[in-house]
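Among the features that Swiss-Prot reports, compositional bias 'Polar residues' is placed at 817-833. The compositional bias 'Low complexity' annotation in Swiss-Prot covers 835-850. Residues or ranges marked as disulfide bond by Swiss-Prot: Cys54-Cys199, Cys638-Cys704, Cys659-Cys728, Cys709-Cys721. The feature domain 'ZP' is assigned by Swiss-Prot to 454-728. For Asn143, Asn491, Asn570, Asn589, Asn696, the entry in Swiss-Prot reads N-linked glycosylation site, with the evidence type sequence analysis. Per Swiss-Prot, the feature region 'Interaction with TGF-beta ligand' maps to 735-749. Residues or ranges marked as signal peptide in Swiss-Prot (evidence: sequence analysis): 1-22.
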Amino acid sequence: MAVTSHHMVPVFVLMSACLATAGPEPSTRCELSPISASHPVQALMESFTVLSGCASRGTTGLPREVHILNLRSTDQGLGQPQREVTLHLNPIASVHTHHKPVVFLLNSPQPLVWHVKTERLAAGVPRLFLVSEGSVVQFSSGNFSLTAETEERSFPQENEHLLHWAQKEYGAVTSFTELKIARNIYIKVGEDQVFPPTCNIGKNFLSLNYLAEYLQPKAAEGCVLASQPHEKEVHIIELISPNSNPYSTFQVDIIIDIRPAREDPEVVKNLVLILKCKKSVNWVIKSFDVKGNLKVIAPDSIGFGKESERSMTVTKLVRNDYPSTQENLMKWALDNGYSPVTSYTIAPVANRFHLRLENNEEMRDEEVHTIPPELRILLGPDHLPALDSPPFQGEIPNGGFPFPFPDIPRRGWKEGEDRIPRPKEPIIPRVQLLPDHREPEEVQGGVNIALSVKCDNEKMVVAVDKDSFQTNGYSGMELTLLDPSCKAKMNGTHFVLESPLNGCGTRHRRSAPDGVVYYNSIVVQAPSPGDSSGWPDGYEDLESGDNGFPGDTDEGETAPLSRAGVVVFNCSLRQLRSPSGFQDQLDGNATFNMELYNTDLFLVPSPGVFSVAENEHVYVEVSVTKADQDLGFAIQTCFISPYSNPDRMSDYTIIENICPKDDSVKFYSSKRVHFPIPHAEVDKKRFSFVFKSVFNTSLLFLHCELTLCSRNKGSQKLPKCVTPDDACTSLDATMIWTMMQNKKTFTKPLAVVLQVDYKENVPNMKESSPVPPPPQIFHGLDTLTVMGIAFAAFVIGALLTGALWYIYSHTGETARRQQVPTSPPASENSSAAHSIGSTQSTPCSSSSTA
């Protein structure tokens with residue numbers, strides 16, 4: 001025993017040493033309990049609905065549109081009544097930019113503050129907001145508020161009275177919507193010719209153009225494993241179903257909303273989200289007022305919000321090796337280096353999650369990510385250092401390159417003009433780095449690359465300091481613009497990239513009535529020709545937290561950059577002359593539309609969801625309304641997918657790069673329609689295909705991408721229009737790239753109707769219903785076939801009768817020897833008696849003789 005105890009002492013000492021050196025190991029034990037308000041992740045159900053309403057095209061011939069919102073009080077007992085409403089205004093799908101004056105009647109049971117947010121509504125157009133007494137309207141855009149007026153009115157409260165009041169005042173009403181007070185109301189302005197001529201209020205008014213958003217908290221369970229906030233946090237969110245319908249196959253977006261738990265101080269995090277759902281969903285990540293790095297891991301598709309909804313530098317990683325249980329998922333996170341796990345949340349039903357982050361007080365102020373000094377050139381003149389050397393010709397004071405650079409030739413300028421005005425609304429691009437090759441899943445926070453941008457009315461030139469580029473470990477990397485063919489040139493000190501204003505992937509938007517902001521990006525990637533991804537791990541890609549492009553940016557648009565680091569830059573110019581050689585993306589004077597029809601007559605489009613069965617024809621008509629007669633369009637791609645997101649491609653391709661891929665595709669000729677408006681015309685393209693049910697789901701989506709082209713001569717902005725036959729043989733990569741810059745995607749839902757087997761579902765056809773028999777039972781036989789069958793049956797019957805008579809006549813002698821009748825019955829047929837008598841003459845004489 002003494003020996004045993006003597007050897008046990010070192011064992012205990014060794015165990016104690018191991019525990020002491022290991023430190024506090026992150027716990028993977030999670031005791032699930034219902035979450036409270038203090039839990040960092042909250043589950044919610046977002047719904048969109050209205051009480052009643054209507055829409056019409058009655059204001060088409062009038063000088064203004066009229067939209068009415070009649071708000072009702074919410075249920076009492078839910079706390080303080082709501083005092084603020086955000087009104088989101090966008091054009092309808094068939095209108096790219098809305099230019100018509102509008103009157104909004106905003107009636108509410110209590111005074112409200114209306115926050116108006118607009119997208120693609122032209123500036124300088126008069127708009128009138130009539131509000132209830134005590135309500136005010138606030139505008140987020142300064143240009144929009146210059147021509148917007150607000151007046152207080154006393155409105156009738158009942159729907160019909162309010163509608164009649166507006167019709168009497170303005171002649172007609174474009175839309176009327178009754179809804180409960182909500183935080184967010186979404187109204188799409190514009191007039192569609194498919195609307196009825198008058199507005200008749202209905203209870204079951206459902207339209208994607210007029211909706212209110214409601215958020216309802218949902219029950220969830222979870223645990224918090226780290227009580228104190230850290231610089232790095234890992235949150236695991238598991239969702240059972242995005243809706244309460246267990247049979248729904250519609251892929252929905254699950255929104256993760258990330259914000260600080262308190263307004264200040266500023267929150268800086270290295271955040272990891274591990275997302276899991278048993279059904280196929282699309283995770284949409286939105287971050288507000290949180291700086292740092294965000295990594296999202298999920299087995300499904302991952303998207304991100306608009307540029308204004310991306311405050312963090314984000315990385316996404318698709319992993320399909322998730323374990324099934326909660327304990328194993330926690331262990332999986334630790335085994336893959338995602339530790340310590342901060343929280344775990346599981347929700348039975350939800351379509352939105354709010355993640356609220358606490359500030360890490362231990363982080364020092366100098367660790368807050370700021371814009372590098374080299375990029376202050378993009379902030380504006382107040383942030384720029386003074387140059388030691390005088391500016392060269394045409395250069396902005398304090399805004400030129402930090403190295404000698406030859407003058408850029410400029411055409412169309414007069415001597416002494418202000419050649420490059422300062423941008424009125426400078427935009428700060430967010431900068432990203434390539435991941436470290438040793439740790440490809442990490443994204444670095446700051447960047448020290450000297451970047452200078454210069455532009456004139458012909459081109460943009462961006463220069464990257466070679467020393468700062470190589471100092472940060474990017475030696476041997478390749479620099480291009482968004483168009484990979486636009487590569488950097490080198491001089492002694494800098495990489496120089498040059499782009500015309502209408503090429504190399506450059507986009508633009510109007511920042512003021514006389515200003516244009518041009519955007520492009522520097523793509524940093526390995527020049528290896530054998531590996532198209534450039535990543536050690538092919539699934540991970542990097543997206544800019546704010547790419548500077550207007551509108552939504554989806555996965556399809558960022559896919560070409562998913563393998564590279566991206567540095568976004570921009571330049572603002574005053575539009576001295578009408579730009580030649582380019583037009584707004586999907587020209588503002590061109591409006592696209594797509595409709596589905598049941599027949600090849602293309603008379604009445606199918607409203608709502610289009611019903612289709614196996615082997616049935618689907619007739620598609622796409623059109624463009626335009627003013628330029630030389631402007632044409634093409635159907636670039638059409639495919640059917642079980643997903644509503646057009647960026648998720650499928651194998652069921654109908655048309656690809658204008659060339660038909662489905663053998664059943666048939667094109668139809670159509671005439672060009674001229675409008676009474678001067679120089680306005682409508683071009684149409686029609687085609688059909690035979691639907692094949694290749695997906696095991698009842699709801700599918702037809703996605704078609706349309707692109708502009710030039711009828712006469714192709715340019716760098718627009719390719720020359722080609723026929724489908726030519727596209728199948730002569731389309732090259734340059735034309736495809738140009739088409740992608742001017743595409744517009746339309747989506748139409750398809751309801752798959754299954755063919756019913758009558759024998760299985762209707763066992764007794766006569767008793768259950770008078771439905772006629774299934775069509776395969778002689779339903780399609782013509783008259784000649786039926787007569788042939790009847791004649792054949794008659795011949796067969798005659799032959800059978802003759803055969804029976806032959807058998808009977810040859811067996812009659814034996815039967816009569818057994819029994820000879822003395823006289824025929826009186827009831828026998830005379831012909832039968834005559835026949836029998838004639839056959840018995842000889843036997844009778846023989847019998848009498850015997």
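Backbone N, Cα and C define each Cβ position, glycine as well.
Using CA atoms as reference points, the recorded positions Cys54, Cys199, Asn570 were checked against Cys728 (disulfide bond), and the closest is Asn570. For the recorded site, Cys721 (disulfide bond), the DSSP three-state label reads coil. For Cys638 (disulfide bond), applying a Cβ distance below 8 Å and a minimum sequence separation of six or more within one chain yields Val620, Thr653, Ile654, Ile655, Leu702, His703, Cys704, Glu705. On a Cα basis, Asn570 (N-linked glycosylation site) lies 46 Å away from Asn696 (N-linked glycosylation site). In space, Cys709 is the closest of the recorded positions Asn491, Asn570, Cys659, Cys709 to Cys199 (disulfide bond), judged by Cα positions. Minimal Cβ crowding within 10 Å, among the disulfide-bonded residues Cys659, Cys704, Cys728, is found at Cys728. Helix, strand and coil content of the region 'Interaction with TGF-beta ligand' (735-749), in residues and according to DSSP, is 6 helix, 7 strand, 2 coil. A coil conformation is recorded for Asn491 (N-linked glycosylation site) in the three-state DSSP classification, outside any helix or strand. Contacts of Cys709 (disulfide bond) defined by a Cβ separation under 8 A and a same-chain sequence distance of 6+ are given as Leu631, Gly632, Phe633, Ala634, Leu718, Pro719, Lys720, Cys721, Val722, Met739, in order along the sequence. With all protein chains in the displayed structure included, the most crowded Cβ environment within 10 Å among the disulfide-bonded residues Cys54, Cys721 is that of Cys54. In three-state terms derived from DSSP, Cys728 (disulfide bond) belongs to a helical segment. With respect to Cβ neighbours within 10 Å, the recorded positions Cys199, Asn491, Asn570, Asn696 differ, and Asn696 shows the lowest count. Comparing Cα positions, Asn570 (N-linked glycosylation site) lies closest to Asn491 out of the recorded positions Cys54, Asn491, Cys659. If you measure from the Cα atom of Cys659 (disulfide bond) to that of Cys54 (disulfide bond), you get 41 Å.
Distance noted between the C-alpha atoms of Asn491 (N-linked glycosylation site) and Cys54 (disulfide bond) is 64 Å.
In the three-state DSSP scheme, Cys659 (disulfide bond) is classed as strand.
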